Every structure is written in structure tokens, then in C-alpha cells.
Amino acid sequence: MGYLGLIVCVLALLSCTVTARPATFLQDFRITWSDSHIRQLEGGRAIQLVLDQNSGCGFASKYQYLFGRVSMKIKLVPGDSAGTVTAFYMNSDTDTRRDELDFEFLGNRSGQPYTVQTNVYAHGKGDREQRINLWFDPSAEFHTYSIMWNHHHVIFYVDEVPIRVYKNNEARGIPFPKFQPMGVYSTLWEADDWATRGGLEKINWSRAPFYAYYKDFDIEGCQVPGPANCASNPHNWWEGASYQQLNPVEARRYRWVRMNHMIYDYCTDKSRYPVTPPECAAGI
């Protein structure tokens, strides 16, 4: 977490919340792929991910979580990053009925905007991609990317701007991830068969190695294994009334992103979905 979640159970209220204190990368995460390509910086409070022709790399949280908020500050691969993908996501790590919440940052040719793709898997069903072009250079400085997940919706944030909302419409028969805890993952890898302009732009290995930087890891949620009543507790701050829908400022920012920066929405892709997916008709 960049902050180590300490679960505090208030027995009188049967509630479990999370407090935080500064932590180093390895207190909350483990390297899952190519430890030689992940370098700790600032005494372990920040890390550098490396992609070269030999390997990409990845890391994951030591624990899984059921509801809450996870965020990281990331500085993406600069310059000609076409064909690279920097991913930050949550995953239930189950084979058949996977739940997953994805940020995927798709590299670009120099001078072109960075694209972020989000996707939602619920009960094993995914293919819900949306893409926006970021309105700033995400390789110039750190920006905060967050996933807020409660019983009402999942919200993807870039800094304080919501870019995607996936509502809980179980009452309409639409799956929503709420039963399986998820771990937090991140990877830097080569995907030039699809990442940039549908695979038309290939990775330029003469620009390698490619670097992405992370810091301020923050996870606040119900750790699993942990107190059994935590995930269902209405006193968790992320279940509060102010987090059950976008506030007016967030709603305005959300509309602005959708109107000015969205470049792909599976909901309107008639070649893939001649019949509009039900969650789209439900106003997600």
C-alpha cells in the first residue's frame, strides 16, 4: 500500500476500518516477475519498473481485499513508448469466474496522447473496454490513479477526476464484483501486437530500456483473510453516503472526460455488440 493498512476493529460498532502509516514497497507488495527489472528507490518508498528485450516485470500485493480504495502515483514511460503497456489492476486470481478491475496505459509515438484503457470483469465476463486520451503528459510527473470499490459502484479516478463508473445493477440481473476478494497488481510489458493503434505501431527497441516509476502505494480496504464482518460493515468509510454516488463536482468532471477525451466505448461498438449490452442500457 505505500501506506500499510492496519485493521482496527471497533467491537462496539462491529466495524472494521483501516488506518495508515508510511511503509516501504516490500512491506505491502511482492515481486511476481523478473526481480532484476524492479529497482527500489528512496529507501523503498518508490520503485522503478524496467522493460527491455529480455523481460518486462511485475509486482502484486501480499494480501487480497474486498471493497475499499487502492491508489498509486505513477510516472509512465516517456518519449516513444509505442508498443508498451503499463498496467495497474485488481484481480481475484480465479480461473473460471474471474473478477478484475483494470487500468492499462497504452504507449504512444512521441507527440501523441497517452491512452488509458479500463476494463471490468464480473463473474468471469469481461470485454467491457473503454478508452480515453489523457489530457496531460503522464510521463512528465507523477499522477494518482485510483480504484474505488464499494457495494454501489466501481469508480476509476485519474487524480481527482472520475473517468469511469460501473454501477451495481444486480437488481437488473447484471453481474457485479462483490463476493471475491482481489489482489492489487502492476506490470510493465511489451504488447505491440495490439497496444498502439491496434498493433500498427511497433515497439522501437532502440529506445529501450523503458522505465515507469511508482510511489505512494495506498490500499484502504477489508484485508482477506481478516475479520469476517468487515466487507459487509456499513460503517466502513468507503460505504458512507458521500461515496454512494458522484458528487456534483465529480459528475461535472466525469461528463467533461466523456465528452472531450473518450475515444472508444464498447457500449457503442455495434460491430462487436449489435445488441447494446444490458449494463450500458442500464446507464453505466
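Note that Cβ sites are derived from N, Cα and C of the backbone, with glycine treated the same way.
According to TrEMBL:
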ACT_SITE  E100  active site, nucleophile
ACT_SITE  E104  active site, proton donor
DOMAIN    19-214  domain 'GH16'
CARBOHYD  N108  N-linked glycosylation site
SIGNAL    1-20  signal peptide
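Within 10 Å of the Cβ of the residue listed as 'active site, proton donor' there are 19 other Cβ atoms, across all protein chains. Taking CA atoms as the reference points, the residue listed as 'N-linked glycosylation site' and the residue listed as 'active site, nucleophile' are 25 Å apart. Summarised as a single figure, the pLDDT of the domain 'GH16' (19-214) averages 91. Long-range Cβ neighbours of the residue listed as 'active site, nucleophile' (same chain, at least 6 residues apart, Cβ-Cβ under 8 Å): Y89, M90, N91, S92, N119, V120, Y121, G126, M182.
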